[in-house]
Amino acid sequence: MTRFMNSFAKQTLGYGNMATVEQESSAQAVDSHSNNTPKQAKGVLAEELKDALRFRDERVSIINAEPSSTLFVFWFVVSCYFPVITACLGPVANTISIACVVEKWRSLKNNSVVTNPRSNDTDVLMNQVKTVFDPPGIFAVNIISLVLGFTSNIILMLHFSKKLTYLKSQLINITGWTIAGGMLLVDVIVCSLNDMPSIYSKTIGFWFACISSGLYLVCTIILTIHFIGYKLGKYPPTFNLLPNERSIMAYTVLLSLWLIWGAGMFSGLLHITYGNALYFCTVSLLTVGLGDILPKSVGAKIMVLIFSLSGVVLMGLIVFMTRSIIQKSSGPIFFFHRVEKGRSKSWKHYMDSSKNLSEREAFDLMKCIRQTASRKQHWFSLSVTIAIFMAFWLLGALVFKFAENWSYFNCIYFCFLCLLTIGYGDYAPRTGAGRAFFVIWALGAVPLMGAILSTVGDLLFDISTSLDIKIGESFNNKVKSIVFNGRQRALSFMVNTGEIFEESDTADGDLEENTTSSQSSQISEFNDNNSEENDSGVTSPPASLQESFSSLSKASSPEGILPLEYVSSAEYALQDSGTCNLRNLQELLKAVKKLHRICLADKDYTLSFSDWSYIHKLHLRNITDIEEYTRGPEFWISPDTPLKFPLNEPHFAFMMLFKNIEELVGNLVEDEELYKVISKRKFLGEHRKTL
């Protein structure tokens with residue numbers, strides 16, 4: 001990771017030292033391995049590149065693994081996704097655990113008769129089942145498990161809000177959820193073996209206890225794996241989440257409180273048990289509407305409207321934030337991994353072979369790697385989403401088959417309708433096991449359907465955009481010139497050629513370089529610090545103004561009055577420097593204007609090879625030490641290439657050239673100050689001569 005950070009800190013257009021890494025970075029990386037307590041590396045990307053990245057660089061820089069390796073992806077998923085999963089499961093487990101405490105676990109089989117809610121005109125949807133009081137030990141264990149689970153959730157929320165340190169939080173959470181899940185699991189096993197004779201049936205409370213125990217233990221396993229990653233030195237002691245992403249814990253807790261309040265309220269309004277009321281709240285919140293439990297009274301109907309409207313908004317917010325973390329924030333990082341993996345292989349093959357690549361060939365190869373990575377990313381994301389969806393669909397149907405004693409086809413039919421939130425009502429879970437499982441299954445499966453539709457929509461949009469481009473390229477340029485005219489001339493040119501800088505721009509630049517070179521040769525007669533033309537055909541400006549001022553100070557007389565021959569030489573050099581800077585500034589402003597227009601029109605626009613070459617040439621005009629910023633023909637596939645990152649390319653180029661503009665303006669200000677000094681000394685010299 002140290003080598004990655006060093007290259008990560010200087011990713012610009014090949015201008016090696018535009019971003020520096022502090023000397024302590026490598027030492028800290030070594031210390032992190034030896035002490036098993038990784039510290040965040042201090043390497044900092046160039047500001048221009050950081051602004052153009054499609055992900056936050058600190059999310060990658062804390063992972064102590066090579067970006068091209070599979071372990072990088074694994075530990076990134078552990079550091080980022082696992083806390084999000086825990087934040088979603090923990091509060092839900094607490095919500096369900098309340099039901100397993102409130103509900104009795106056993107009932108007499110003869111009284112477990114469910115009536116059709118449409119056959120009468122009452123609010124009672126289930127005959128009062130004759131439940132059996134649980135042994136005192138079971139109730140006591142349930143209470144202790146609930147308290148431990150609730151405490152663990154509070155601690156996790158404090159850590160998400162950065163009110164508690166990682167080590168303290170992990171110690172309490174892992175211990176608390178392990179004990180809570182273990183006690184509940186033992187309770188369930190003992191009750192099944194010793195306190196469940198044949199005349200009793202398991203109620204919804206018993207099945208909620210089974211689910212709560214499983215969720216507690218899953219949270220324990222997830223946090224334990226995250227803690228192991230920290231102990232192995234793969235990332236620092238923190239959750240790899242941005243500040244706005246940490247708020248997801250607060251929203252999931254709020255949703256759990258909303259479900260707890262709704263279940264308690266509808267239990268009284270509809271005269272049903274707390275567990276069945278929780279099932280009703282889930283059906284209403286997810287807009288499935290199975291119709292097996294209906295509000296009859298006016299008060300119940302009003303509260304359903306209030307509860308459902310606010311609950312749907314809250315659920316939609318959680319789904320949006322979760323998808324944003326998993327796909328939008330982390331998607332560019334997975335793309336970076338795929339590109340870096342392909343680039344590393346190509347770079348290794350290039351270094352091992354004797355084949356020479358031209359700069360254009362290296363650029364085309366890197367573009368091909370990026371396109372392949374993007375295509376694989378889309379299909380992999382779609383495949384994983386569909387696989388998870390199929391698992392929820394088919395495995396969920398399998399559970400309902402045994403819980404409700406339906407045929408497997410009818411279970412598939414029921415699950416698919418629920419995933420689409422259709423809810424005809426011809427099938428609905430009636431048993432305690434079916435309804436308990438439906439609560440946890442629906443809370444995970446129905447929002448997943450929204451993620452699938454969004455993923456498929458993004459993929460279809462990308463495919464349609466690609467087809468539009470191919471169809472557009474088949475048209476003749478004359479047809480395009482009819483569509484794009486007047487003010488759209490620049491955009492028309494970009495659509496026709498795929499380049500934002502015309503040949504005239506490059507020609508003007510070459511002409512300017514030739515003119516500057518000619519003027520520099522003339523000025524060399526007056527000043528030893530003349531400009532030199534480098535191998536790339538770019539003319540460097542004259543010596544720095546600080547050096548000119550220093551030479552003028554040394555040449556002056558003790559009275560501080562310059563001889564006229566020195567004044568003439570410095571004045572000519574200063575005038576040429578100002579002319580050179582103004583012309584370069586004009587070219588930079590022209591390029592920046594085009595790039596700014598592209599940034600506003602299309603953030604996904606990719607620059608062509610000639611565009612990058614022209615931008616590189618513009619940048620080098622303001623570099624004094626040209627040799628320090630020279631690059632080989634293989635630059636585009638080297639570790640220093642900026643194209644290995646998911647970039648907003650026009651914005652990156654815009655920021656690079658804008659920095660040059662700032663430097664040029666600074667040079668012009670220095671020119672003006674130095675010109676005043678020269679004019680003053682020239683006046684004093686002429687005045688002395690007349691005397």
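Just so it is clear, glycine is given a Cβ too, placed from its N, Cα and C backbone atoms.
Residues or ranges marked as compositional bias 'Acidic residues' in Swiss-Prot: 504-513.
The compositional bias 'Polar residues' annotation in Swiss-Prot covers 514-526 (among others).
Taken from Swiss-Prot, the feature compositional bias 'Polar residues' applies to 537-550 (among others).
The feature phosphoserine is assigned by Swiss-Prot to Ser119.
Per-residue pLDDT, averaged along the topological domain 'Cytoplasmic' (1-71), amounts to 55 for this model. Look at Swiss-Prot and you will find 1-71 (among others) tagged as topological domain 'Cytoplasmic', backed by sequence analysis.
The topological domain 'Extracellular' annotation in Swiss-Prot covers 93-137 (among others).
Here Swiss-Prot flags 159-170 (among others) as topological domain 'Cytoplasmic', drawing on sequence analysis.
Swiss-Prot lists 192-203 (among others) with the feature topological domain 'Extracellular'.
Per Swiss-Prot, topological domain 'Cytoplasmic' is recorded for 225-246 (among others), and the stated evidence type is sequence analysis.
Distant neighbours of the topological domain 'Extracellular' (267-301): 95-96, 98-99, 102-103, 117-118, 121-126, 203-205, 208, 259, 307-308, 311-312, 315, 418, 421, 423, 425, 427-430, 432, 435-436, 438-439, 442-443, 446-447; these residues of the same chain sit at least 6 beyond its ends, with a Cβ under 8 Å from one of its Cβ atoms. Per Swiss-Prot, topological domain 'Extracellular' is recorded for 267-301 (among others), and the stated evidence type is sequence analysis.
The topological domain 'Cytoplasmic' annotation in Swiss-Prot covers 323-379 (among others), and the record cites sequence analysis as its basis. Shown for the topological domain 'Cytoplasmic' (323-379): DSSP residue counts in helix, strand and coil, namely 50 helix, 0 strand, 7 coil.
Marked as topological domain 'Extracellular' by Swiss-Prot on the basis of sequence analysis: 401-435 (among others).
Per Swiss-Prot, the feature topological domain 'Cytoplasmic' maps to 457-691 (among others).
Here Swiss-Prot flags 72-92 (among others) as transmembrane segment, drawing on sequence analysis. With a cut-off of 8 Å between Cβ atoms, the residues of this chain six or more beyond the transmembrane segment (72-92) that come close are 59-60, 62-66, 149, 152-153, 156, 160, 177, 215, 218-219, 222-223, 225-226, 229, 234-235, 239-241, 245, 248-249, 252-253, 255-256, 318, 322, 325-326, 330, 333-334, 337, 440, 443.
The transmembrane segment annotation in Swiss-Prot covers 138-158 (among others) and rests on sequence analysis.
Positions annotated as transmembrane segment by Swiss-Prot, on the basis of sequence analysis: 171-191 (among others). Counting residues 6+ beyond its ends, the transmembrane segment (171-191) has Cβ neighbours under 8 Å at 90, 97, 100, 105-106, 134-135, 138, 141-142, 144-146, 148-149, 151-152, 155-156, 159, 206, 209-210, 212-217, 219-220, 223-224, 227 in the same chain.
Remote same-chain partners of the topological domain 'Extracellular' (401-435), defined as residues 6 or more beyond its termini with a Cβ less than 8 Å from a stretch Cβ, comprise 114, 201-207, 275-276, 279, 283, 286-292, 389, 392-394, 442, 445-446, 448-449. Contacts between the transmembrane segment (302-322) and the transmembrane segment (436-456): present, as 3 or more C-beta pairs lie under 8 angstroms, all at sequence separation of six or more. Broken down with DSSP, the topological domain 'Cytoplasmic' (225-246) shows 9 helix, 0 strand, 13 coil. Residues 327, 331, 406, 408, 411-412, 414-416, 419, 429, 434, 437-438, 441, 444-445, 448-449, 451-452, 455-456, 459 of the same chain lie 6+ residues outside the transmembrane segment (380-400) yet bring a C-beta within less than 8 angstroms of a C-beta in it. Here the transmembrane segment (247-266) has long-range neighbours at 84, 87-88, 90-92, 94-95, 98-99, 153, 156-157, 160-161, 272, 274, 277-278, 280-282, 285, 295, 300, 303-304, 307, 310-311, 314-315, 317-318, 321-322, 325, meaning same-chain residues at least 6 beyond its ends whose C-beta is under 8 angstroms from one of its own.
Same-chain residues lying 6+ beyond the ends of the topological domain 'Extracellular' (192-203) with a Cβ under 8 Å from its Cβ atoms: 103-109, 112, 129, 131-132, 134-135, 138, 275, 432-433.
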